[in-house]
Amino acid sequence: MSQQTTIRDTGEAAATNAPANSATSTSTPDNQPTPLDAFEVLLITGMSGAGRSHAADCVEDMGWYVVDNLPPKLLIPLVDMMTTSGSGSGSGVHKLAAVIDVRSSYFDELAAVLGHLDDLGVKTHILFLDASNEVLIKRYESVRRPHPLQHGNRLIDGILEERHLLEDLKERADWVIDTSSLSIHQLSTKLYETMLGSGPTTVAVHIFSFGFKYGMPIDADFVADVRFLPNPFWVPNLRELTGHDKPVADYVLSSKGAKEFLDAYEKAIEIALEGYAQEDKHYVTIAVGCTGGQHRSVAMSEELARRLRAHGLNVTVSAREQHKRHSS
């Protein structure tokens with residue numbers, strides 16, 4: 001079976017999905033070159049069927065730049081290209097994760113490559129995913145695919161050969177995770193606990209206000225309709241203001257039903273976020289709408305964000321219709 005090296009397009013997507021408290025990033029400020037002694041390399045390896053691909057997804061969410069199926073011999077030139085040691089200006093990337101297995105070309109050169117990286121002062125880490133032979137057999141049988149080292153023999157023969165080839169690498173791994181009894185979500189939690197020293201960070205929340213007259217949002221997990229509140233648009237001295245202005249915010253938040261709605265919605269969101277965290281969902285979008293997206297929805301979005309932040313949540317707020325005026 002042929003393999004293809006894949007460089008994932010992380011960019012802003014990885015930065016957006018990364019946990020708020022992970023303190024990792026895919027680039028240095030203003031995309032400046034990264035010196036070698038500030039560069040880190042993570043090798044994701046282990047038994048086929050033990051969860052390498054999912055581990056790579058989690059690591060990507062932590063802010064690492066991930067490359068799939070990278071031949072070990074290409075690690076040095078890739079690091080060289082991404083740092084100030086190369087002839088270019090560097091890429092700004094300072095955390096590179098490479099998924100490597102025994103099928104990678106020149107796998108036997110990996111030890112020498114790691115030694116070279118150590119000599120260069122590059123911090124290297126190895127994450128090794130493992131599982132029992134019995135579990136690996138069940139996983140392969142469930143997907144009805146042959147083991148990459150099976151070569152027409154029994155499945156257990158391929159597993160045992162791979163285990164033998166990876167024995168030394170497992171011995172020098174920084175982290176070894178046995179996934180035999182772990183679900184996908186449990187593996188995610190284990191990775192965060194192991195690599196970051198804590199469980200998954202609180203789900204990041206983005207709240208945005210919008211106007212129903214401009215269309216329903218298609219990217220929201222929750223949509224709140226606050227058109228039941230009195231409309232400041234019909235108050236002459238408030239019409240030209242927005243929900244960001246205190247007079248409008250005071251008017252909206254003191255309206256009958258506003259506090260009761262916020263109390264109930266805040267509680268519902270808290271319950272949902274707890275469930276999302278257990279299901280390994282890292283990002284939730286809440287849309288709050290009124291007629292034109294200028295007054296009621298803006299004020300309620302800001303107040304909801306304030307309340308959720310008080311619970312220690314990472315919350316951002318935006319106004320979809322901020323460039324549209326004269327209707328709410």
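In case you wondered, yes, glycine gets a Cβ from its N, Cα and C as well.
Record features (Swiss-Prot):
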- 1-33: region 'Disordered' (REGION)
- 13-29: compositional bias 'Low complexity' (COMPBIAS)
- Gly46, Met47, Ser48, Gly49, Ala50, Gly51, Arg52, Ser53: ATP binding site (BINDING)
- Asp101, Val102, Arg103, Ser104: GTP binding site (BINDING)
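Mapped onto this structure are the features recorded in Swiss-Prot.
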residue	record	Cβ neighbours (10 Å)
Gly46	ATP binding site	28
Met47	ATP binding site	26
Ser48	ATP binding site	22
Gly49	ATP binding site	23
Ala50	ATP binding site	24
Gly51	ATP binding site	24
Arg52	ATP binding site	21
Ser53	ATP binding site	12
Asp101	GTP binding site	19
Val102	GTP binding site	19
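Taking the mean position of the Cβ atoms of Gly46, Met47, Ser48, Gly49, Ala50, Gly51, Arg52, Ser53 as the ATP site, the remaining residues of that chain whose Cβ falls within 8 Å of it are Ala55, Asp101, Leu129, Ala131, Thr179. In terms of Cα spacing, the binding-site residues Met47, Gly49, Ser53 that come within 10 Å of Val102 (GTP binding site) are Met47. Taking the Cα atom of each, Ser53 (ATP binding site) and Asp101 (GTP binding site) are about 11 angstrom apart.
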